[in-house]
Amino acid sequence: MSRVKEKPVEAVAAKEPEYKCSIFGYSPPWLHKFAVFPVFMTIVCMNALVQGMLVNGFISISIQSLERRFSLSSKQSSIFAGSYDVAVGLTLLPLSWFANKVNKVRTMGWGMMLVGFGTLLLVIPQFTSGIYRPGSKTGETCGALADPKAVCPPEESQDFAFPLLLIGQLLIGFGASPLFTYGYSTIDEFDSTTRTGVNMAYYLGVCTLGPAMAFPIGSQLLKIWGDVGRTKSTDFGIDDSSDPRWYGAWWITFAVLGVLSFFTAIPLTFFPKKLNDTDRRKANDKLQPHADLNVDLSGDKWELLRMFKLFTLNPTCMCIIAMQTMESLLMNGYITYIPKLLENLFGLTSGGSSMATGLIIVPMGVIGNYLGGKIGERVKNKVPGLLKWCLIFMLLNVLCSASLLLSCPKKEIAGLNTPYKSGERLWTEANEGFNKAEGICNGPSGENCQCSRMMFNPVCHEKSQITYLSPCHAGCHQEAKLGFNGTKLFWSGCSCSAQHEKAATLDVVTKGWCDSDCNLTMYTFFALGPLIQSAALKVVSFSHRDAFICYGWMWMRFCGSVPGVYLFGATIDKTCLYWKASCSDLSRDSEGSCAVYDVEKLRMYLFALTIIVKVGCALAVAVGRYCFKAEPDEQKEKKPLELSSNHRVAPEDS
């Protein structure tokens with residue numbers, strides 16, 4: 001393909017019509033003074049804050065509550081989370097095609113309105129699916145449940161809950177995609193390129209602030225009973241959020257943010273295509289395109305495909321895209337499931353895991369953005385220097401991934417990973433269909449306890465530190481003494497706990513998991529966590545920036561983010577030891593949601609996955625650094641390829 005001389009900036013600017021701020025066609029003179037970069041930057045950052053709180057904050061910390069509320073498996077919740085990335089990926093091609101044909105700022109505004117509508121749609125299943133029923137009304141002691149389906153109270157159908165959640169998440173993805181494609185390019189277009197790094201630092205700082213605000217707020221709201229005003233948690237024997245059956249009021253934040261999205265989006269629809277102060281700010285700018293990409297394709301009917309071909313044939317570009325894709329695969333999976341992982345690896349409550357996630361994300365965002373900006377200044381935004389530091393960070397990530405080997409001591413759960421009595425086989429070894437099995441523990445007279453899968457209320461035999469799935473699984477009969485010792489609810493006369501080889505003659509169990517002391521382990525994990533997710537610097541070309549951003553994001557979404565969240569969900573489900581069912585699950589013959597995981601397998605699977613991806617990222621950066629060849633005139637005049645350390649898939653912009 002022959003190279004065409006690039007058109008002067010002045011010629012392009014002269015042809016571009018001037019626009020004025022308008023409110024649905026009404027353009028009063030006083031409104032024009034707001035069409036300046038500081039006002040635009042403020043409003044865009046407000047929208048990025050709302051989007052970050054929603055997508056990378058509240059949705060992530062609500063996954064566990066959604067699974068409990070609607071009896072979803074990790075695979076289903078991964079489909080829900082991944083549908084956002086599918087929607088974003090589907091919009092990238094039309095966004096790149098229409099980039100120079102539409103008002104990008106107004107497109108971002110209409111998109112954020114769609115985000116608001118999709119967010120409100122997520123709340124609907126909370127009120128159309130009836131109330132949350134963690135178990136039956138007949139109790140959870142041995143012999144209390146003869147026929148699980150017979151005693152299930154009539155409840156509203158949940159058949160439409162999952163489809164509504166998917167539709168809402170898809171709408172959020174469709175609406176949010178312009179904010180992080182056109183958002184980057186408009187910030188660069190409306191201000192001098194010499195200030196692009198500073199502007200992006202502000203922008204990504206606000207993006208990081210979104211999840212940082214969402215996690216502590218969400219952790220407090222998850223301490224409120226999910227069906228507040230309809231039922232009480234005590235109606236089901238659930239005292240507080242430490243109970244593993246608890247689900248919090250996840251929907252409150254979605255309702256608030258859905259309305260807030262409309263308020264922040266409306267001002268964007270008033271902006272013109274070009275700001276009043278753009279010419280003044282960019283008066284001294286000089287184009288610095290890479291020689292291989294310095295091609296004018298305007299007027300070519302195959303313009304978009306030819307641009308994509310240019311990017312594909314550039315080895316440095318494709319190596320960077322490959323690294324971004326692998327990084328997004330890993331990062332999107334962790335961001336989606338990290339609260340759930342902390343709950344299972346360290347025994348935290350839903351609120352506690354949300355707060356702990358904030359402790360990882362906040363320093364990661366602050367330190368990563370700060371270091372990225374400082375290193376960019378130090379190497380003067382030259383490609384070789386940036387790629388070298390990117391490689392250093394990737395190798396550091398590989399070392400710090402060892403923190404994934406840290407977790408609390410394994411919980412001993414009767415029948416799952418420790419036998420009831422010496423010599424007995426575990427249920428998983430005795431019966432492949434154990435998750436569907438009813439009636440594990442036999443009473444003292446040999447009768448079957450008929451413990452249902454609906455019975456999930458863990459109790460601990462403190463002397464042996466053995467956990468039982470419910471009082472029924474511990475052999476606590478209806479006539480067993482129920483009491484309160486001032487701290488915990490307890491049952492006595494539990495035959496199965498007395499039969500265990502570690503139990504001696506004791507037969508008392510207390511409510512809740514057996515405690516495991518692993519504070520030091522958890523603190524060590526938090527200390528290494530920010531380094532695991534440390535920022536990596538990326539390289540993009542200035543020329544055709546909208547097309548390049550969209551092209552890279554198509555790779556990152558369809559080959560990274562989308563399969564990443566599914567891969568994490570399937571991996572987590574693969575380590576499940578016990579599937580808990582609700583009445584609706586039994587009526588649908590569904591497996592329900594996972595209540596107990598094999599922590600040893602879980603952390604080893606995650607460690608192996610992380611190491612493989614991080615090593616792949618490091619290799620991609622190394623190859624990209626090797627393949628990059630600076631143009632002789634660029635070296636002579638010291639005009640480096642236009643760079644941005646911010647065009648990347650990260651928790652704040654995914």
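Cβ atoms are placed via backbone N, Cα and C, with glycine included.
Residues of the same chain lying 6 or more positions beyond the ends of the transmembrane segment (34-59) and with a Cβ under 8 Å from any Cβ of it are 20-21, 81, 84, 105, 108, 112, 115, 119, 169, 172, 176, 179, 183, 186-187, 190-191, 199, 202-203, 206-211, 213-215, 218, 250, 253-254, 257, 260-261, 264-265, 267-268, 270-272, 275-278, 281, 335-336, 651-654. Per TrEMBL, transmembrane segment is recorded for 34-59 (among others).
As annotated by TrEMBL, transmembrane segment applies to 79-98 (among others).
For 110-128 (among others), the entry in TrEMBL reads transmembrane segment. Same-chain neighbours of the transmembrane segment (110-128): 47, 50-51, 54, 69-70, 156, 158, 160-162, 164-165, 167-172, 174-179, 226, 251, 254-255, 257-262, 264-266, 268-269, counting only residues six or more beyond its ends whose CB sits under 8 Å from a CB of the stretch.
Look at TrEMBL and you will find 160-180 (among others) tagged as transmembrane segment.
Sequence annotations record features per position, and here TrEMBL assigns transmembrane segment to 201-222 (among others).
The annotation transmembrane segment is assigned in TrEMBL to 249-271 (among others). Residues 21-24, 31, 34-35, 40, 43-44, 46-47, 50-51, 53-54, 58, 61-62, 65-66, 69, 103, 105-106, 108-113, 115-117, 119-120, 122-123, 126, 214, 217-218, 221-222, 224-226, 228 of the same chain lie 6+ residues outside the transmembrane segment (249-271) yet bring a C-beta within less than 8 angstroms of a C-beta in it.
Positions annotated as transmembrane segment by TrEMBL: 311-335 (among others).
Annotated transmembrane segment per TrEMBL: 355-373 (among others), in sequence order.
The transmembrane segment feature in TrEMBL is assigned to 385-406 (among others).
If you look up TrEMBL, you'll see 435-498 marked as domain 'Kazal-like'.
Beyond the transmembrane segment (604-628), the same-chain residues lying 6 or more positions past its ends with a Cβ under 8 Å from any Cβ of the stretch are 315-316, 319-320, 322-323, 326-327, 329-330, 341, 383-384, 387-388, 390-391, 394-395, 397-398, 401-402, 404-405, 532, 536, 539, 567, 571, 574-575. What TrEMBL records for 604-628 (among others) is transmembrane segment.
Taken from TrEMBL, the feature region 'Disordered' applies to 633-654.
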In the same chain, who gets a Cβ under 8 Å from the transmembrane segment (79-98) while lying at least 6 residues past its ends?
55, 59-60, 63, 66, 72, 162, 165-166, 169-174, 176-178, 181-182, 304, 332, 336, 546-547, 549-551, 553-554, 557-558, 561-562, 565-566, 569, 654
Averaged over the domain 'Kazal-like' (435-498), what pLDDT does the predicted model reach?
63
